[in-house]
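Taken straight from TrEMBL:
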type	residues	note
DOMAIN	2-104	domain 'PID'
Amino acid sequence: MEIVAAMRRIRYEFKLKNIKKKKVNILVSTDCVKVILRKKKKRKGWSWDESSMLVTQDPIYRIFYVSHDAQDLKIFSYIARDGQSNVFRCNVFKSKRKSQAMRIV
């Protein structure tokens with residue numbers, strides 16, 4: 001239950017500080033989870049230059065916990081251990097549709 005409380009606390013802090021959420025694409029593979037920043041170029045559509053837009057990349061074996069918020073099924077998160085500092089990091093996401101979040105979790 002502490003993990004869900006931490007996820008809600010992170011959302012509350014962002015709302016309180018009025019921090020704008022970043023739009024990202026999440027690529028899930030058998031090796032890792034990549035979070036890539038979405039930036040739209042003028043008249044050319046979406047750009048997929050991963051090197052300049054990579055927010056985070058976590059190997060599957062470092063992911064500790066995956067969950068969605070029971071009160072808002074569009075919200076989901078995962079906790080991963082950082083490779084260099086061995087600190088646990090919680091990543092919280094909000095999808096456009098409930099079905100997208102449920103499919104990931």
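Keep in mind that glycine also has a Cβ here, set from the backbone N, Cα and C atoms.
For the domain 'PID' (2-104), the mean pLDDT of the prediction comes to 84. Secondary structure by DSSP for the domain 'PID' (2-104): 29 helix, 41 strand, 33 coil.
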